[in-house]
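**Q** My questions will all concern the structure given below.
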Amino acid sequence: MLPGVLPAPLPALPGSAAAPVTLPAAATLPAPVKLPAPGTAEQRPCSGGSGQGVIMRPDDANIAGNVHGGTILKMIEEAGAIISTRHCNSQAGEPCVAALARVERTDFLSPVCIGEVANVSAEITYTSRHSVEVQVNVMSENILTGAKKVTNKATLWYVPLSLKNVNKVLEVPPIQYARKEQEDEGKKRYEEQKLDRLETKQRNGDVIFPVINPEPHTVGYSQSSLIHLVGPSDCTLLGFVHGGVTMKLMDEVAGIVAARHCKTNIVTASVDAINFHEKIKKGSVITISGRMTFTSNKSMEIEVFVDADPFVDEPRERYRAVSAFFTYVSLSKEGKPLPVPQLLTETEDEKRRFEEGKGRYLQTKAKRQAQMQQAARQ
């Protein structure tokens, strides 16, 4: 989907009424808005939301009928790209396309099932000089019963790249805040993610090597890789891969790792921050690699990274483009959580990664408990 273009109306399901799907008020589609022509002074409200509703089909889900986490991540990224590109072109200046730079931790609060409508809404919550923070919410709707539930909340960061020069980052039009505290809080989030991206990039040097005859439940037994040739349908107007396409491939690899380890139905529980270190150009061959780093009683942490080999126009050495940690849970046929087999670490590096993963797990658990206690007091 091109940034700034809303999806076409969906066809009616076989055997269903042809009435259009009604979106909830929070995800109502805005009236069509044309991007201002370069050099004009036309301007719109910058922080207004946008939304889309998509019915989930069998090819979006796993064998248990739960929609793939990668499918939801792709929808989230598309919504973020639309609203951020609109905003960055809302004032006179060089035309641009917003490129995904980072996705903050995203929790999958509830699964989306085949036949439900996923309503995605997006809102700009902060802008710095060269970046846009977008908050995206996903709500599932059972169109037979009318039941609705929030399934995902995500925060994404975009940077505007010039259509004339893809290496040129343009300035972002500022937004107006209802309260000064909102701007201060946004600036704090901006500085934190900027520091985290730098630290993540510095430690991204690992590679995954095949293991001969690995034992079950070891890192080598479940590690997986996927090789993908980047085609035109994967790319933006600038000829670089959509962030949503990359995230969907990463979730697919992480799911394979989790399934190999558990031998059960697995679903995405959360995604730690996804950092996009460098752009991936059309014609590149990308290798998406995943390995188990940590297991608790009921969850698995899987490290996934994407390496790119450019062959067209600009031959260069392989480079690390994206990295993230995915968390999966194991489910029974009835959808109940199952115990996760303990990960058997063998090398010093595996033991170190396990302890680092344990630290992230305990930190997230403590943060969640603090949020629950705060909500209980309110």
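Any Cβ shown, glycine's included, is placed from N, Cα and C.
In TrEMBL, annotation is done automatically, which means it is predicted and not curated.
Found this in TrEMBL, in case it helps:
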DOMAIN    46-164  domain 'HotDog ACOT-type'
ACT_SITE  Asn62  active site
DOMAIN    220-334  domain 'HotDog ACOT-type'
ACT_SITE  Asp251  active site
REGION    347-378  region 'Disordered'
COMPBIAS  349-359  compositional bias 'Basic and acidic residues'
COMPBIAS  369-378  compositional bias 'Low complexity'
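Could you give the neighbours, burial and distances for every feature on this list?
**A** Note on the domain 'HotDog ACOT-type' (46-164): its mean pLDDT in the predicted model is 91.
Of all Cβ atoms in the protein chains displayed, 26 besides its own lie within 10 Å of the Cβ of Asp251 (active site).
The residues of the compositional bias 'Basic and acidic residues' (349-359), classed with DSSP into helix (H, G, I), strand (E, B) and coil, number 11 helix, 0 strand, 0 coil.
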**Q** Under the DSSP assignment, what numbers of helix, strand and coil residues are found in the compositional bias 'Low complexity' (369-378)?
**A** 9 helix, 0 strand, 1 coil
**Q** Measure the Cβ-based neighbour count of Asn62 (active site), defined as the other Cβ atoms within 10 Å of its Cβ.
**A** 17
**Q** Work out, from DSSP, the number of helix, strand and coil residues along the domain 'HotDog ACOT-type' (46-164).
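**A** Taking the domain 'HotDog ACOT-type' (46-164) as a whole: 23 helix, 57 strand, 39 coil.
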